[in-house]
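As written in Swiss-Prot, here are the features:
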BINDING   22, 87, 126, 460  (6S)-5-formyl-5,6,7,8-tetrahydrofolate binding site
BINDING   232, 251, 253, 256  K(+) binding site
BINDING   232-237, 251-257, 276-279  GTP binding site
BINDING   236, 257  Mg(2+) binding site
DOMAIN    222-381  domain 'TrmE-type G'
């Protein structure tokens, strides 16, 4: 596949020790030969692949030296894009790297679009679409566990899984086509039973992957953990204590928190998205009322609720009203302010909590926080919210595709059981095959491909 030559700054803009300008395409070596002056006189166009060269970037028209640089030459096909690639390592900072990029563009390159280097790697067959998505996940990973899964996907683990699944579906299709082409009444019933067995086997594989996607979402995006409670029970103090920094404003005035505050923390490799919410209560104050409504929206989407109660006060009607709207949620009851004289009725608390998890903490004295973190982690790994090393589906797009493939395979099994013709059954088998191809990119539409690469930054 032929493309023009593209270039972009691949490092984060701003003051830094090093900046990198990346060039990819057939004209990469020609362009660098015009603007690079190596200290050891050599023809940069004829140097060996994967070598580094020291010299100056110079404007050939004015003779002005832009910077002292290291130039890396990588020849196709053993490069990130499977094209000739040149990387200019210059001093960091917006001015130097921008001026070098301008010079590169002036001498024949085009400014790369977001994700275009990785898109070329995909279009040139170096990686599949799931591996391209893994690049984004590596860049945005919030913990080493999330990075580990993304690295597995980049290494092709998911692609191989899809290849194995695709082969199973193709074998099923070949059985069906054989029945269509060579119908024999005495063996047809046996063949249909074998086809049904294979279809169920494929369906089981797909269902296993779908089941893993909830754990994968948590590892990729974080466990959405809402800190809920009535005003002035210490929700913002709990957020600050868990983060070990003063992120939220804390006062003795009820209703201080008006908006939702989101921050990430890491518990043994699991990214935890902590969401501090406005205290839930009846109020006529407009801004606080909006905050309460936002709290209820967060509550509906949360994976886990930290329901904060005040140990220094009795349970109130507001506590019970909040508990009533938490039905069906994973809840840890956080009994805060245990450093103060305890006034909460223990029997009443037990009736409210039942068999639920209670953790006593003091955000003032920083006690009980390790216990709370352990309970959050245990909840993740006890199956209520699962996340195990074997799971590999971390992407919402992949989950949606697999759900569609599952529907096709369920239709295949139903059609076999109802005695439909092989011609009709093959329609859904081909449908499942088409869906699986969307994960690796073989059957993904151009719009889907473009949407994926638009999420990248320029230079990647």
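Start at 1 and count along the chain as shown; that gives each residue its number.
Quick reminder: no glycine exception, Cβ is built from N, Cα and C everywhere.
Recorded features from Swiss-Prot, shown on the structure.
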residue	record	Cβ neighbours (10 Å)
22	(6S)-5-formyl-5,6,7,8-tetrahydrofolate binding site	24
87	(6S)-5-formyl-5,6,7,8-tetrahydrofolate binding site	21
126	(6S)-5-formyl-5,6,7,8-tetrahydrofolate binding site	18
232	K(+) binding site	19
235	GTP binding site	31
236	Mg(2+) binding site	25
460	(6S)-5-formyl-5,6,7,8-tetrahydrofolate binding site	19
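The Cα atom of residue 22 ((6S)-5-formyl-5,6,7,8-tetrahydrofolate binding site) lies nearest to that of 236, taking the binding-site residues 232, 235, 236 as the candidates. For the domain 'TrmE-type G' (222-381), the model gives a mean pLDDT of 80. Under the three-state DSSP scheme, residue 22 ((6S)-5-formyl-5,6,7,8-tetrahydrofolate binding site) falls in the strand class. Residue pairs drawn from 22, 87, 126, 460, the listed (6S)-5-formyl-5,6,7,8-tetrahydrofolate binders, are separated by up to 19 Å at the Cα level. According to DSSP, residue 235 (GTP binding site) sits within a helical segment. Residue 87 ((6S)-5-formyl-5,6,7,8-tetrahydrofolate binding site) sits 47 Å from residue 236 (Mg(2+) binding site), taking the Cα positions as reference.
In the three-state DSSP classification, residue 87 ((6S)-5-formyl-5,6,7,8-tetrahydrofolate binding site) falls within a strand. Taking the Cα atom of each, residue 236 (Mg(2+) binding site) and residue 460 ((6S)-5-formyl-5,6,7,8-tetrahydrofolate binding site) are about 38 angstrom apart. Residue 232 (K(+) binding site) and residue 126 ((6S)-5-formyl-5,6,7,8-tetrahydrofolate binding site) are 56 Å apart (CA-CA, integer value).
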